[in-house]
């Protein structure tokens, strides 16, 4: 999954064009001296301004363009725009944009309202690198991934025990810890389940 660009823009309804306050892009897919690199940078700026201008304050929106999704989040005229590949989860993208706006407002306060040009902001590059993995941006996605990994480990462990030549049926029969009623319940449940799978 790839984050191609992150931008922070001032979207003042009184001005025609949104002003780019900070931006970072990863155009490594194009060669260092490639003709397409400068064209793609212009494309990013054009699309970012267009999407930011059309994202009302307090709103979020996503626009799909070819293999990219452009996500925008506008908070009272301060708008974050992200260019991600199509596989980057939407929820993670908006979580990242929200965090970018929070940190920008903490760093600059309301001074952004008076800015009319792009300023270097190192955090944007840090965020682009750190959140390349969507689980870093979305804590629920991270928890889900950890649960999935735990489930895989549990399945491997159970399969490993059973793969040593022991079957669950023989373990139940040999068990002295299970009561006769529990053993009968296991056998009846197994018969019921096998009956249902044949249908």
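Heads up, residue numbers simply count up from 1 along the chain you see.
Here the Cβ of each residue, glycine as well, is placed from N, Cα and C on the backbone.
Swiss-Prot lists 7-131 with the feature domain 'Longin'. If you look up Swiss-Prot, you'll see 139-199 marked as domain 'v-SNARE coiled-coil homology'. As annotated by Swiss-Prot, S-palmitoyl cysteine applies to 195, with the evidence given as similarity to another entry. What Swiss-Prot lists as S-geranylgeranyl cysteine is 196. Here Swiss-Prot flags 196 as cysteine methyl ester, drawing on similarity to another entry.
According to DSSP, the domain 'Longin' (7-131) comprises 51 helix, 33 strand, 41 coil. Mean pLDDT for the domain 'Longin' (7-131) in the predicted structure: 87.
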